[in-house]
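Peer 1: Quick one: structure below, then a few questions.
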Amino acid sequence: MEKSRSELGQIIVGVARDPLGLMGLIIVGVIVFCAIFAYWIVPYDPIAMDIKSRLQGPSAAHLLGTDQLGRDTFSRVIAGGQVALKVALPAVFGAMAIGLTLGMIAGYGPKWLDNLLMLFFDTIRSFPTVMFALAVVALIGPSLQTVVFVVMATSIPTYGRVARTQTLTLRNSEFILAERSMGASMTRILGVHMLPNIIGVLAVLAAMDIPTVIALEAGLSFLGLGVKPPTPSWGALLKDGYSLIRQTPWLVVGGGLPIILATLGFTFLGESLRDVVDPKLRKQR
Amino acid sequence: MLNFATRRFGLSLLILFVAVTVMFLMIRAVPGDPVQIMLGPRATPELQAQLTAALGLDQPIWKQLLIFYGNLLQGDLGTDVFSGRAVTDIVFQQLPYTLELIFASILWSATLGIGLGAYAAAHPNTLIDRIAAAISVSFVAAPAFVVALLALLVFAVHLQWFPAIGAGDGFLDRLDHLVLPAFAIGLSWVGYIARLVRASMLEVMGESHVRTARAFGIAERRVVMVYALRIAILPVVTVIGVGMGFLLSSAVFAEIVFARPGLGKLVIDSITTRNYPIVMGSVLISTALFVVSTALADLINALLDPRARTAH
């Protein structure tokens, strides 16, 4: 346990030494901080309407103005970060856990199971993401859970394939053969010996996947097919801003900039993590 | 080569078959009577029974699946609930707008990306290389629909340089309407392709055939443009083929933001009116498009690089 902690420390130091990585660390840190303490940061209730002060421009009272219902845009931007992470984190971790399990089974199990799982992965990947999302939303209706489900379903194959490749290369290495010849069970081999060697690569993938997920959530909410109003999602802000683009340009700016910042932050962090954890990955992407 | 092509297309067909079946079962697995959802609460029982029979929903599921495949092989994806027109007609009427948009996006972003990447690789670690690297990382992160919205705000609403709505009539007008959406979709690809080309260029520049070309005294510009770039461009083909799904997804958003006709607009409108046959038809056709383009990219890659033929 102590060893892994110092390894984690080394990774963080390595990321912080890289200028882009440091920038990513700071941006992500600010977003996470705002999301956790959103309740104390927001000057107004993000869903409280105040018709009297609707469609105002930026001012000292309302830093980013107000929307058509008089809700404070700045408060909604801060609270929107919470929604974005609430979708992104469970979806990414869920997809990673399932993809990891299936991928290791595919790599270690019998050939027919491998073929079956690969066909499953290829099939999911054959749907264009947004089209798949739209089909699912059309069928089971829009909600936060739907978005999480869609994101998980579409990103399982990515993790599964990487986990499978890693398992395949490790499978015939000496320490696994030794373990197997001593009669270790499959769960022990996979869980105790393979997992620590695969998880790092997958964690990097997960960090690089978060921007895609945040963008997808915002995109679906922008189309009115993601989280339901009045939940303050960045995408919902853009939706309001789009219909009022001639009157209130600050709504589009207020909804768009955090998305760009968040994707930028997580991308910087992910790329820097990748270079520190496993420089070989750089060529595969 | 022929062997590889057969295998690759066989796999694509298998994937499409599974995808279509999954989709079909998904529709049937949804709780609630699709007929009731389509017709709304005020429909008479006779009307419901009529539509149920017309859609074949009174048959057992395996028979429904067989009928569905039978129709599919004849190019029949069902009929529109409201107008009674064939789904394929409606989808293929909208598809050209989407393809036009995707093609325009790829054209400008690949041209610029390859140029930037090749220049950066030929002059590594210069100021321009650094700027190109910074730009590519930043642009890769920008989601197409956010870029589309900001572009709409700045260039269409505020500066009024380009039209904000529709696809236009006549060649020049259509081109004018393509600029902003194609810009929004292509932007993240410029950086991505530039990085890709730069990396593979640097690799190719170290290979022996380039060294030989240099040893023959061929001008550096010609070495870069003809001998190195031709091979370094290969990964771009694969990436565009595999990125087709991504491009289609971006096109959906661009079509909504700029109120352009196309597949994305069709699907969104059909979801709001609960026109399921159209939604499913569009998703199926776009999936087929994606699967075929991935296979084609693999094929082109195998044609140009024999090593790819044996890899899984």
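Numbering starts at 1 and runs along the chain as displayed.
Cβ from N, Cα, C; glycine included.
According to TrEMBL, the protein has these features:
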- A:20-42: transmembrane segment (TRANSMEM)
- A:81-270: domain 'ABC transmembrane type-1' (DOMAIN)
- A:83-109: transmembrane segment (TRANSMEM)
- A:129-154: transmembrane segment (TRANSMEM)
- A:198-227: transmembrane segment (TRANSMEM)
- A:247-270: transmembrane segment (TRANSMEM)
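Can you walk me through where each of these features ends up in the structure?
Peer 2: Distant neighbours of the transmembrane segment (A:20-42): 14, 72, 74-75, 78-79, 81-82, 84-85, 258, 261-262, 264-273, 275-276; these residues of the same chain sit at least 6 beyond its ends, with a Cβ under 8 Å from one of its Cβ atoms.
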Peer 1: Other than its close neighbours in sequence, what residues sit by the transmembrane segment (A:129-154), given a CB gap under 8 Å and a spacing of at least six beyond its ends?
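Peer 2: The answer is 83, 86-88, 90-92, 94-95, 98, 213, 216-217, 219-221, 224-228, 231.
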Peer 1: At a C-beta cut-off of under 8 Å, are there same-chain residues at least 6 beyond the transmembrane segment (A:198-227) that contact it? List them, or none.
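Peer 2: Distant Cβ neighbours of the transmembrane segment (A:198-227) are 83-84, 87-89, 91-93, 95-96, 99-100, 104, 129-130, 133-134, 137, 142-144, 147, 150-151, 155, 158-159, 162-163, 166-167, 170, 233-236, 238-239, 242, 255, 259, 262-264, 266-267, 269-271, 273-274, 277-278, 281.
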